[in-house]
Amino acid sequence: MTESADVVVIGLGPGGEALAGDLAEAGLDVVGVESTLVGGECPYWGCIPSKMMVRAADALAEGRRVPELAGTSSVTPDWAPVARRIREEATTNWDDKIAVDRLTGKGARFVRGTGRLLAPTTVAVDVDGDDGTREFEARRGVVIATGTVATVPPIPGLADTPYWTNREAIEATEVPESLCVIGGGAVGLELAQAYARFGARVIILEALDRILGPEEPESSELITEVLGCEGIAVHTGVKTGGVAHDGSGFRLDIGDGEVRAEALLVSTGRRADLRHMGVDTIGQDPGARAVEVDDHLRAAPGVWAIGDVVGKGAFTHMAVYHAKIAAADILGQHGPGAEYHAVPRVTFTDPEVGAVGVTESHARDIGVNVRVGTARVPSSARGWIHKAGNEGLIKLVEDADTGVLIGATSIGPNGGEVLGALAVAVHAHVPTKRLRSMIYAYPTFHRAIEDALNDLAAR
Ligand SMILES: Cc1cc2nc3c(=O)[nH]c(=O)nc-3n(C[C@H](O)[C@H](O)[C@H](O)COP(=O)(O)OP(=O)(O)OC[C@H]3O[C@@H](n4cnc5c(N)ncnc54)[C@H](O)[C@@H]3O)c2cc1C
Ligand SMILES: NC(=O)c1ccc[n+]([C@@H]2O[C@H](COP(=O)([O-])OP(=O)(O)OC[C@H]3O[C@@H](n4cnc5c(N)ncnc54)[C@H](O)[C@@H]3O)[C@@H](O)[C@H]2O)c1
């Protein structure tokens, strides 16, 4: 028997949960389908628990900075409070009852199971347990919000070993004596630094010639240097030829040598898995890396896709941004479409690496006549006062023809917060001339933006 609903949302991560809740509160009959945990990757294995680790690790680092600033300190790391906080406060032991209640409290119906399209507005759900398959016809439409899964490279031997992805790294109740991290992106760097600060001997293996590849080269250089000073070995241009595990540790063949470590974290990116989603019923490729959508997140008539699965930036803030646009569209409201010229991103290393808009090289690649300006945080008044742990920089990318700020990077102790001002400027197409006439509070970290603007004007 086919059941009916106004909207069926497949996948209830930050994007799907927000959208299903908004539509239900607007009075629609919404069915939310989730195969794992309502809330998705972010609260259980992503943003929130990883930032709890980072917060704790940063507290240790601050403690270790006391001798340079304020006397003596002795810091003894203990992972137990971190693991406990993740289990009890962040994930309720990886139980989503609170989230399910929150969603149904807004009026949505909830089905635990795996959904797929049978036709553009028909969804089959393989219900958890032995409850068979339910079929739903969605009067207004279906939303695909199924996120991404960790990619694991086809390195010989790797699949047969007990390697970690972000999930095991977040669930760990003990710190390994040594940790090898394959992949120097946001996941790898945040977790590498956190584990190192808790005492693990950490080595990072990155295939490209620099970590944080999509960001400015200055960001890669600065973070490589900071990690190196903390004792984290960063190897770039590495091709891992094979992985073996002997019951107590890993051995990785990296061409001209080998790496041994007790634990191995694979953080080589994430991708949508569309193979079983029935996207061929809407004319899309089940082997593609993402669902193709227009600026209102429409994948086909009556089908929307939001969040990580559309490949426009794998961030919780992107999933929630998409949810708002798609909800308005489904409700027939004529709202603005998605814009991607000012996507903010923050890698929560210490110092944090914030960035928005285009990088210098990307701007040049798309034919923009570019002017850049930089400033070092330690040379700013606040950076100099801050002293220990003051590494950072501001880099601005201007479209020299229009005089408008189109990209910016802010690295520093509060790099992600300083980014706020720069994100406003890039989002609103503010000319750098206008930014130069602004008053920057003294002595803040964001005042270094003025130094970078002066550098830009002098070019
Ligand atoms: C370690 C780590 C740290 C991160 N830190 C940050 C951060 O600090 N800031 C930030 O902005 N982002 C961060 N992210 C990224 C962030 O977690 C994702 O961008 C966000 O969760 C995407 O939301 P989503 O709703 O698109 O997908 P997801 O969170 O992936 O949710 C999709 C949901 O769909 C479900 N699903 C999949 N297929 C089906 C199906 N067929 N039927 C039913 N259900 C299905 C899944 O079980 C999942 O619950 C981090 C990610 C990781 C891994
Ligand atoms: N703070 C945040 O907002 C945050 C934090 C974590 C994750 N995320 C999101 O999650 C997504 C996934 O993060 P991620 O760090 O796994 O992916 P990523 O794509 O950011 O980085 C993966 C890295 O692994 C490298 N790599 C790939 N194959 C390799 C191999 N065989 N050997 C060595 N290196 C290899 C890549 O060159 C790249 O540098 C990101 O796109 C990001 O948007 C965001």
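Any Cβ shown, glycine's included, is placed from N, Cα and C.
Candidates considered were C47, C180; the recorded disulfide partner of C42 in TrEMBL is C47. Annotated NAD(+) binding in TrEMBL involves G183, G184, G185, A186, V187, G188, L189, E190, E206 plus, out of the candidates G129, G132, G257, G269, the residue G269. Counting every protein chain shown, the number of other Cβ atoms lying within 10 Å of the Cβ of C42 (disulfide bond) is 21. Put simply, G185 (NAD(+) binding site) is 17 Å from C42 (disulfide bond) when counted between their Cα atoms. Proximity of the binding-site residues K51, G115, L189 to ligand 2, judged by a Cβ distance under 6 angstroms to any of its atoms, singles out none of them. As a whole-number mean, the pLDDT of the domain 'FAD/NAD(P)-binding' (6-323) in this prediction is 97. Each of the binding-site residues E206, D308 was assessed for Cβ neighbours inside 10 Å, and the highest tally belongs to D308. Of the residues the record lists as binding FAD, namely K51, G115, D308, the two whose Cα atoms sit farthest apart are 30 Å from each other. Looking only at other Cβ atoms within 10 Å, the busiest spot among the recorded positions C47, V187 turns out to be V187.
Neighbour counts of Cβ atoms within 10 Å were compared for the binding-site residues G115, G183, and the top value is held by G115.
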